[in-house]
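Accompanying notes for the structure given below.
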Amino acid sequence: MKIAVLLSGGVDSSIALYKVINKGYTNIKCYYLKIWLEDELSYIGNCPWQEDLNYVEAVCNKFNIPYEIINFQKEYYNKVVIYTIEELKNGNTPSPDIFCNQRIKFGAFFEKINEQYDLVVTGHYARIQIKEKKFFLKQAKDKIKDQSYFLSHLSQEQMSKLYFPLGTLFKSEVRQIAKSINLPNKDRKDSQGICFLGKIKYNEFIKYHLGEKKGNIVEKETGKIIGIHNGYWFFTVGQRRGIKLSNGPWFVIEKDLEKNIIYISHNENYLKQAKRKFLVHEIHWINGMPSDFENFKIKIRHGEKKYSCKLRLITNNLIEIFLNKKDHGISPGQFAIFYKNTECLGGAKIFKIIE
């Protein structure tokens, strides 16, 4: 069996490689996908992928596995970055990691390697189960690290080629294995944030593409201007950190795109703005539309928290969702991901908040 392993330079993908080697497979090749954007890097003054590559090389040397670097900068810009920028301009909250997986890691990469490999292995925390020749996406054993949210838009064809060795492990176990075999990157910290940014600050990326535009920060209850911001695209509804005003905590509760105004409120008043009913479209089902929507739960952001909910099908591409509890951070552009027990069924894009 021929196996391709995607290495990022981090501990997770390195242990995924180790687990495959431990199963006795020998026909293995590793790949590092280069998606850094040269213009941004020269603007910000970093070369963050060099450290990744150093670790990739060190890990491959340890296991005597060949590796190759594949450049997907153009594909990433066209298929993920443009989407992200447009969502921000429209005042929405983008989810680029969902499309990074669907369109690049398991899209452009699959097209590039074509039929060369029987299996593609990554360090994602998720599980794939096969039943009656269908592939089902399941949450990882480690619910804190579970990445099914970001994998929710994969197709049957993509899933048929994938193997996630870390789906049955806790992160603590992964760290223990890394130390026990003395991995070169055993002490490397986990990466945070969007897949293509790495050490680049998200706001620097936004500033590069959309610039800055001064606007007022207004207290919702009083209408009083209490600060100045650099552009509505730097803020998301529900945001608490980064507002940089005294007498906090403050929360972003509304954005006026035309007037470039950010409305904020203190915690007690802000929670009154919590919502529970909204519409989603651009729906993707991993195994086709379910026969019923009973006992569904959804995530509206990456993390452990799921909501019980009621779903009402309006059309095949429009669903009304009613949460059992209100949430104070629902924003257009986010993705609502559907679950039944531990199975991830797919997801859809939030486009209108009702109440």
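Using N, Cα and C of the backbone, Cβ positions are placed for all residues, glycine too.
Of the residues Leu33, Leu137, Swiss-Prot places Leu33 in the same ATP site as Leu6, Leu7, Ser8, Gly9, Gly10, Val11, Asp12, Ser13, Gly123.
With all protein chains in the displayed structure included, the most crowded Cβ environment within 10 Å among the recorded positions Ser8, Gln334 is that of Gln334.
Here the Cα atom of His124 (site 'Interaction with tRNA') is found 7 Å from that of Asp12 (ATP binding site). Taking all protein chains in view, 26 other C-beta atoms sit within 10 angstroms of the C-beta of Asp12 (ATP binding site).
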